[in-house]
Amino acid sequence: MLTVHKMHFSIFLLLWGWVLCTECRVYRQGKEIHEVYKKGSRPQRQRREAHGEAHKQGSPILKRSPDITKSPLTKSEQLLRIDDHDFSMRPGFGGPAIPVGVDVQVESLDSISEVDMDFTMTLYLRHYWKDERLSFPSSNNQSMTFDGRLVKKIWVPDMFFVHSKRSFIHDTTTDNVMLRVQPDGKVLYSLRVTVTAMCNMDFSRFPLDTQTCSLEIESYAYTEDDLMLYWKNGNDSLKTDERISLSQFLIQEFHTTTKLAFYSSTGWYNRLYINFTLRRHIFFFLLQTYFPATLMVMLSWVSFWIDRRAVPARVPLGITTVLTMSTIITGVNASMPRVSYIKAVDIYLWVSFVFVFLSVLEYAAVNYLTTVQERKERKLRDKLPCACSLPQPRAMMVDGSYNDGDVSELGHYMSENGDKQDRMMVQLALGAERGSGRRKSQRYSSMRIDTHAIDKYSRIIFPGAYILFNLIYWSIFS
């Protein structure tokens, strides 16, 4: 029995030993695998890092200079030594005048106002000068660029626009100001400005005029002894956008000039001029002013072909043309400044108005002379002693409704060339019977008034005079 128990115990020990050996083997294998993984991943990571460094060294695009803004010792104020200098004074204070070069790029010419006599322009204004106080050490000779926040801490030229009404620096999305400083202290200061300035216009030839406007730039505080303002590249300092266009004007020329301006209280200042010449487009005014005025004048001539007894037709026609011309003149002057001299368009419109008014007066004269003639004829007929022995003409009304024609010495009607004329033979008895029934000789005289001829001559005189006026007008002002 004891032997059986010993055998069972030995078997149990063998099984327990086998289990322990199995667990130790599994633990040892897991540890080896972990070590192998660690040994294998480290070279792979090292290879990736080495490959990345080699790629960076091999590609010049990925090379970048170190970010100096991360170092507290290389701030812009410290690098430019802003706190070490007094920037309330100009560079080289007490010495010769500091030269400040200027160039301008015109972005747009927004509007031209004849009523206000001004123009609005958007431009890039750039200044160039040297301030040794802003010089800084640099190993690669690269310039530094700043925005408007640094401009408030250093000296910049105090430029302003002479004769400007309104101006502002664009601030969307931030102030459109740029400052670029080179290691030797050379500074580029650029800003985007919209300015509305005066333009003294001469409208004596309007709308066939050419206007010359100028934008003037000047230092406000520094005279020519402290600041010498000049165009950096001469006339090439002014650049314009080729897409600049205006609805009423054609931009002919942009150019620059430089002059000295004197103020009795402060002295002489350098002043820069941006001059541009504008020529007005005439086609708009031809359609809106000249053609309607000409058509109204021609319409007034229609009354010369209407029978003078058609009062309801001729009178409204004349009044309509006069009122239309008045409306055209009023409309043109409403969009113009109230100048004290005569414009070219005023000459044309008022002469056209005179022609229209004269056509109305012409009919008034014709109607008046016809009425006077009829009155005289009536009086002469009443004074005739007897018309029994006279040849009787065809039936004729003397109250103004008679037919036009020629009356011969016998009183018969005739026509000349198919045109009707007012000619009436009025027989006048110059002698009367005196004494015993003896008749004295009678003398007759004829009175002929041709009122229809006034209309015939007007058909030629009015158009001829107006054509002559147009030839003279366009030869002078075109």
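Glycine is treated like the rest: Cβ placed from N, Cα and C.
According to TrEMBL, the protein carries these features:
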COMPBIAS  46-56  compositional bias 'Basic and acidic residues'
DOMAIN    82-281  domain 'Neurotransmitter-gated ion-channel ligand-binding'
DOMAIN    289-401  domain 'Neurotransmitter-gated ion-channel transmembrane'
REGION    38-69  region 'Disordered'
SIGNAL    1-21  signal peptide
TRANSMEM  282-305  transmembrane segment
TRANSMEM  317-335  transmembrane segment
TRANSMEM  347-369  transmembrane segment
TRANSMEM  457-476  transmembrane segment
(Q) Let me spell it out: take the transmembrane segment (457-476), skip the flanking residues so only those 6+ beyond its ends count, and list any with a Cβ under 8 Å from a Cβ in it. (A) 294, 297, 301, 304-305, 347-348, 351-352, 355, 358-359, 362
(Q) Do any residues, 6 or more residues outside the transmembrane segment (347-369), come within under 8 Å Cβ-to-Cβ of it, and if so which ones? (A) 289-290, 293-294, 296-297, 300-301, 303-304, 308, 311, 314-315, 318-319, 321-322, 325-326, 328-329, 332, 449, 451, 454-455, 458, 462, 465-466, 469, 473
Q.
Which sequence-distant residues neighbour the transmembrane segment (282-305)? Criterion: at least 6 residues beyond either end, Cβ under 8 Å.
A. 207-208, 248, 313-314, 317-318, 321, 324-325, 328, 332, 345, 348-349, 352, 355-356, 359-360, 362-363, 455, 458-459, 462-463, 466, 470
Q. Can you tell me how the residues of the domain 'Neurotransmitter-gated ion-channel transmembrane' (289-401) break down into helix, strand and coil by DSSP?
A. 81 helix, 0 strand, 32 coil
